[in-house]
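Undergrad: I have a structure I would like to understand better, so I am pasting it below and will then ask my questions one at a time.
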Amino acid sequence: MKLKQRVVLLAILLVIFIFTKVFLIDNLDTSAANREDQRAFHRMMTGLRVELAPKLDHTLQSPWEIAAQWVVPREVYPEETPELGAIMHAMATKKIIKADVGYKGTQLKALLILEGGQKVVFKPKRYSRDYVVEGEPYAGYDRHNAEVAAFHLDRILGFRRAPLVVGRFVNLRTEIKPVATEQLLSTFLTVGNNTCFYGKCYYCRETEPACADGDTMEGSVTLWLPDVWPLQKHRHPWGRTYREGKLARWEYDESYCDAVKKTSPYDSGPRLLDIIDTAVFDYLIGNADRHHYESFQDDEGASMLILLDNAKSFGNPSLEERSILAPLYQCCIIRVSTWNRLNYLKNGVLRSALKSAMAHDPISPVLSEPHLDAVDQRLLSVLATVKQCTDQFGMDTVLVEDRMPLSHL
């Protein structure tokens, strides 16, 4: 081989070597992040089934103290929660020492105080599992089982932004009425042989009470967040107007996301990516009613978007409300970690994970089979939406690396 040919060959090999090295370094960083996502996914799957256990063997703290200490600016509970079963058992069984009307809102709920002073929100059963709510996706009553399912979906997606929820049966005659405030007690009535109440709320009516089966009422209880973490309410940038014939700006302005990115707190920090995560979460559960959202107070956009009030979901399994995904397909960005988790959950894994996670809940089965099937089907739509974005703008633009430490900010 001539010297000139050797020089050319060596130059080609050197170029290949340099490009290979650069590619491997870049790919190594990405692969390391992806491997951590995969490990986190396997850890979640390993601890998915939560058996409600009565004792905390390794600590003298109460379940309420443990749950309160879990809360930090970017998560409500940690990735690994060996105490979760004991806390949920306490939520489902501890003696009710006071019952009052729920906090201000549109839907019927009761505020309970459990032994040890812990507040929980009780949402009563209004529908059977297989009942289909017709009409708009935000129509009908709150669905208590939807709160349970949404909490476990939050665990499965790795968000950890939803307060703890568990199913519970309460005896209205022996557990609630003896400790009820006058305001709540005044809303009790009997329909046939069933004890009922209608509470106090915007849509609460004496003609539309929630009724027990005899005296026993099925419902969900949501753990109240610690008072040391006061909440701040925000208008959702992709919220609806709820006015006949009036559209919100995002419904007609194709450049709306660009405008959102220029306003606080969406111009910096994690909030816009939280909005995208929440759009995915809400689409999977069929919740089109998140017109407001909460974060921790005075957070300057750094705290998480807290996934509160998820009961307007799992209404109609055949309904796919694409508008819920508007933040995703208008902004065309999503966290790499969220994208990885969604991909791990395809091919029926999400459905199986949800079913497994809820198997030990007191009101199991929490969801009907059509609803479980619908979650899997909606996941495919989310993946397809991201694929359209990456085809148009490229992976590097759409997939945003956001691995902020979750303990403290």
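First residue shown is number 1, and so on along the chain.
Cβ atoms here come from the backbone N, Cα and C positions, even for glycine.
Copying in the features that TrEMBL gives for the protein in this structure:
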BINDING   Gln107, Lys123, Thr222, Leu223, Trp224, Leu225, Glu294, Asp309  ATP binding site
BINDING   Asp142, Asp309  Mn(2+) binding site
DOMAIN    191-398  domain 'FAM20 C-terminal'
ACT_SITE  Asp289  active site
Undergrad: Taking each of the binding-site residues Leu223, Leu225 in turn and counting other Cβ atoms within 10 Å of its Cβ, which one has the fewest?
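TA: Checked Leu223, Leu225; of these binding-site residues, fewest Cβ neighbours within 10 Å: Leu225.
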Undergrad: Where Leu223 (ATP binding site) and Asp142 (Mn(2+) binding site) are concerned, what is their Cα separation in Å, rounded?
TA: 17
Undergrad: Hey, which of the binding-site residues Gln107, Thr222 is the loneliest by Cβ count within 10 Å?
TA: Gln107
Undergrad: Which value in Å gives the longest Cα to Cα span across the ATP site residues Gln107, Lys123, Thr222, Leu223, Trp224, Leu225, Glu294, Asp309 as recorded?
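TA: Comparing all Cα pairs, the maximum is 19 Å.
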Undergrad: So what's the mean pLDDT when you look at the domain 'FAM20 C-terminal' (191-398)?
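TA: Per the prediction, mean pLDDT sits at 94 for the domain 'FAM20 C-terminal' (191-398).
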Undergrad: Which of the listed recorded positions (Asp142, Asp289, Glu294, Asp309) has the least company, meaning the fewest other Cβ atoms within 10 Å of its Cβ?
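TA: Across Asp142, Asp289, Glu294, Asp309, these recorded positions, the one with fewest Cβ atoms within 10 Å is Glu294.
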Undergrad: Using a 10 Å cut-off between Cα atoms, which of these binding-site residues sit near Asp142 (Mn(2+) binding site): Gln107, Lys123, Thr222, Asp309?
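TA: Close binding-site residues: Gln107, Lys123, Asp309.
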Undergrad: Report, in whole Å, the straight Cα-to-Cα distance of the residue listed as 'active site' from Gln107 (ATP binding site).
TA: 12
